[in-house]
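Chemist: Right, I'll just put the structure down here and ask away after.
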Amino acid sequence: CARDSEAYTGRIKVFCFFNYPHLQIDLDTIDVSNLNRQFLFQKKHVGKSKAQVAKESVLRFCPSANITAYHDSIMNPDYNVEFFRNFQLVMNALDNRAARNHVNRMCLAADIPLIESGTAGYLGQVTVIKKGQTECYECQPKPTQKTFPGCTIRNTPSEPIHCIVWAKYLFNQLFGEEDADQEVSPDTADPEAAWNPADAAARATASNKDGDIKRVSTKEWARSTGYDPVKLFNKLFKDDIMYLLTMDKLWKKRKAPLPLDWTEIHHLESSQEEACGTGLKDQQVLGVQGYAQLFHRSVETLRSQLIEKGEGAELVWDKDDPPAMDFVTAAANLRMNVFSMNMKSRFDVKSMAGNIIPAIATTNAVIAGLIVLEIFLNKQPNPRKKLLVPCALDPPNPSCYVCASKPEVTVKLNVHKTIVQALQDKILKEKFGMVAPDVQIEDGKGTILISSEEGETEANNNKFLSDFGIRNGSRLQVDDFLQDYTLLVNLIHSEELEKDVEFEVVGDAPDKAPTPSVPEEGKNIANGNKDSAQPSTSSKAAAEDDDVLIVDSDEEPSSSTMEASPESSNRKRKHHGADTDDAVSKRKRLDQQPADDDEDIIALD
């Protein structure tokens, strides 16, 4: 974290970070796929700690820098509120929402400014979060995440989308164009599996020296078997899973995966394998045996297609190609079963199998530069032909369940069907981003429902909420002492939730903003997926004069939305930027600059 020392280059204010103590925390190790999107890592660094190598690389061109590198997780309890209070500034460059939520809460608790940033494809975003002055990272609802850490996909999937992404990667590794970013085998260098940096580096370099990795690719191995469906099945869903189980640190706080064996599944009684659901065939959920047979048939069909195309041919995954869709549906569902998730219908898998947004070095470079600039970068020039403009941020959302003075939320669920374990894992941890929640029922007796102390309330885990007298209107006080965060949860009992919906947050905004009714002039900007940039629908904007330009986006890159909102007696203009991790965007208008100011860069004082 850097102090707020400033220097000026031209008329843009920048921060000089290396003159002051700087601490870097990163849990990850360097993979081959990281080499094309930055300049700090080289081939010889593969398998080593990102934090340590970044420090060494910076010191080579800036020997006077004062940097401390930690190969660790920012969510480690050692990094508590007091730890955050040691710094004047925190800068995020994270790759997952759970970590972003956590750092957001820690900085709010410590009252330390946070610079939040992220990129996704051609989109990127930077914003500042300051307690009581700006929106926090969680003030606005987040759309479904579209990019995921590689170790999550390969080692520890926790959601169906992780398995669907893995299955798409697998299709390319077997039948399509191979990509280092789309490896599907267990990640032996998973930093979470080895907290000791030396262990992680040793594991990553066990079969390679000085980063020169030599291994048989998934496609080469599959070709050597003649694309035998049974051998592929046992390798993917039995052997690889058994190997994952040897990485025991991954399963200390997670449910371990359960390997599948082709022979055992083949002898399952058909009575256990009836399809679930009614209606069209694509909307039915098959059993494990059904998906195993679908996997077998689809591999045989795809193998035939490769043979017909000739030596060296490759297939391209298309959701409208039945064999390709069958393969991804079967592989994804088998992996969901291995990791104890509810399987999905072919229809659901097809609807979820969206594009995976790639990392782009140029976007990373631009966003890294913007992190140290006190300016706002528009997605396109405004009517005055300016890209770089001054801005102010929106104030906190008074109804935010994180940074409000008294955070409170209402959850609708069935108290007779929801168990305590689901309340803890799916609602408090997954939905509300807590790390170690303690839950007390406001029943006049102070009944402890969940304790963060290991073993204290484990006996409650498989009991229903109603077993503790929880009913419609009950209130729970939830505390996460690590995050210094308290949340009051109001419960509404309902027996009319939609199918497969375990709970609803009352008043929760939809994943995406409504489709705008006012078309934007010119073409929309598509960046990496089917969603294109959409205009705002501000009703006030139409009343402003022609100098107002409204730019908004339905994209969901990987960070929070930055928004602008100072007041002025002059004419005001509205600016919108590249949203990252948020579909919700609402910029308030800024003071118009003098008409004779034709420079493309505006000074900030």
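Glycine residues also receive a Cβ, built from the backbone N, Cα and C atoms like all the rest.
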Chemist: Tell me which range among 30-59, 180-209, 270-299, 300-329 TrEMBL lists as region 'Disordered'.
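Modeler: Among 30-59, 180-209, 270-299, 300-329, the range TrEMBL annotates as region 'Disordered' is 180-209.
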Chemist: Sequence order is fine: just name those recorded positions in Leu35, Arg97, Lys168, Lys235 with a Cα within 10 angstroms of Lys142 (SUMO1 cross-link).
Modeler: Arg97
Chemist: Out of Cys151, Lys168, Lys235, which of these recorded positions is nearest Ser73 (ATP binding site) by C-alpha distance?
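Modeler: When the Cα distances are compared, Cys151 comes out closest.
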Chemist: Counting every protein chain present, what is the number of Cβ atoms, excluding its own, within 10 Å of the Cβ of Lys142 (SUMO1 cross-link)?
Modeler: 20
Chemist: In the structure shown, which of the binding-site residues Asp26, Asp95 has the fewest other Cβ atoms within 10 Å?
Modeler: Asp95
Chemist: Around Lys168 (SUMO cross-link), which of the listed recorded positions (Leu35, Arg37, Asp95, Ala99, Cys151) come within 10 Å, judging by Cα atoms?
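Modeler: Within 10 Å of Lys168 (SUMO cross-link): none of them.
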Chemist: In whole Å, note down how far the CA of Cys151 (active site, glycyl thioester intermediate) lies from the CA of Asp26 (ATP binding site).
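Modeler: Their Cα atoms are separated by 14 Å.
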